[in-house]
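Noted in TrEMBL for the protein shown:
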ACT_SITE  His37  active site, proton donor
BINDING   30-37, 147-150, Val176, 184-187  ATP binding site
BINDING   Gln61, Gln153  (R)-pantoate binding site
BINDING   Gln61  beta-alanine binding site
Amino acid sequence: MRVFSSIDELRHTLDALKRQGRTVALVPTMGYLHAGHMELVSRARAENDLVVVSIFVNPLQFGQAEDLSKYPRDLERDSAMLKQAGVNFLFAPGVEDMYPRPILAVVDVPDLGRELEGAVRPGHFAGVATVVSKLFNIVQPQTAYFGEKDYQQVVIIKRMVEDLAIPVRVISVPTVRDADGLAFSSRNVYLSAEERRAAAIVPQTLDEAERLVADGLTDARELEAKLTTFLGREPLAKPEVVAVRDASTLEPVGSIEEPVVVALFVRFGSTRLLDNRVIGSNRAAGSNRIAGVIGGKGQTGKSQPGKGVTK
Ligand SMILES: Nc1ncnc2c1ncn2[C@@H]1O[C@H](COP(=O)(O)OP(=O)(O)OP(=O)(O)O)[C@@H](O)[C@H]1O
Ligand SMILES: CC(C)(CO)[C@@H](O)C(=O)[O-]
Ligand code: BAL
């Protein structure tokens, strides 16, 4: 695995390989890797010739009072995990590489970016869309992989790619969970032992949503109210967003007819956890796929297998 921090050096190396016909995938991350990230990597490896993983804790997507400075980082451990997983390139730029001067051009996807997590984290999704655009421009991958845990992020990136005709296929990967159902997340490390135990209420609430809808509940507001009450069973859980939205557009719905996404943002102490489930889709229950916005699995971008992949 080769490690780059310079945009120009990475580009130069990739350009030569692309001229030989190799397909390139990008897995953008903020590092402190866990099984969720590694699932993205494994999909990318299976479906492409070359995989670039980026690790960059992007200051643009953090609010002033947020955890930018204490965000967990361990580049050495991450690097060993990626090497072991057969990743070809790690792009780990510093802030000075990505933003050598204050960035004036931004990419924004209003109104999608103002909803849900965007309402709690003003400016967050403009920061995400801007850095993802920049990473797409640097790597120019055919395919990029994102996790469905960050459901709204995938919807926004999909929309950005479509609206701006960016030639990248966006693939979403189902959420990888710990034994008690909690989604793996780098920020789980902030939880105390008691908060970590309590956090199991989050996936349990999504199970409850599925049960209620299967039992015939169709009123979205009623579902939100019942889920908020359900979360109330756990005194450490402080719900910030409990929302039932159209699974494709994220628009509010009155009645649950088309597939909806149940989106949760729940605080435990100072840590905000997010999770979601798509309900009412004709795909397998609980598969957590993003209805209507995500390209299918199976299509592989691999060129001729076995043609001297750079390790
Ligand atoms: N449990 C998971 N399963 C599948 N994909 C995941 C999971 N957790 C994160 N991802 C995906 O990995 C990519 C990089 O995410 P990121 O580095 O922010 O990790 P994170 O665990 O989501 O961090 P945080 O705790 O800060 O939200 C994103 O596309 C994200 O959706
Ligand atoms: C996509 C991303 C790497 C952009 O910084 C980040 O938002 C994340 O890790 O989900
Ligand atoms: N996983 C989303 C990145 C963030 O919370 O900033």
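Any Cβ shown, glycine's included, is placed from N, Cα and C.
Selection of the binding-site residues Leu33, Gly36, Gln61, Glu148 by a Cβ distance under 6 Å from ligand 3 yields, in sequence order, Gln61. Nearest by CA distance to Ser186 (ATP binding site), out of the recorded positions His37, Gln61, Gln153, is His37.
Only Met30, Val176, in sequence order, out of the binding-site residues Met30, Gln61, Val176 have a CB under 6 Å from ligand 1. Leu33 (ATP binding site) sits 19 Å from Gln61 ((R)-pantoate binding site), taking the CA atoms of both as reference points. Listed in sequence order, Phe125, Val128, Phe146 are the same-chain residues six or more apart from Gln153 ((R)-pantoate binding site) with CB atoms under 8 A from its CB.
Sequence-distant neighbours of Met30 (ATP binding site) (same chain, 6+ apart, CB under 8 A from its CB) are Ile55, Phe56, Val57, Asn58, Tyr71, Ser186. In this structure, the C-alpha atom of Gln61 ((R)-pantoate binding site) lies 18 angstrom from that of Glu148 (ATP binding site).
Around Val176 (ATP binding site), the same-chain residues six or more apart in sequence whose CB sits under 8 Å from its CB are His34, Ala35, Gly36, Glu39, Gly147, Ala183, Phe184, listed in sequence order. Here His37 (active site, proton donor) comes close to Val27, Thr29, Gly147: these same-chain residues lie at least six apart in sequence, with C-beta atoms under 8 angstroms from its C-beta.
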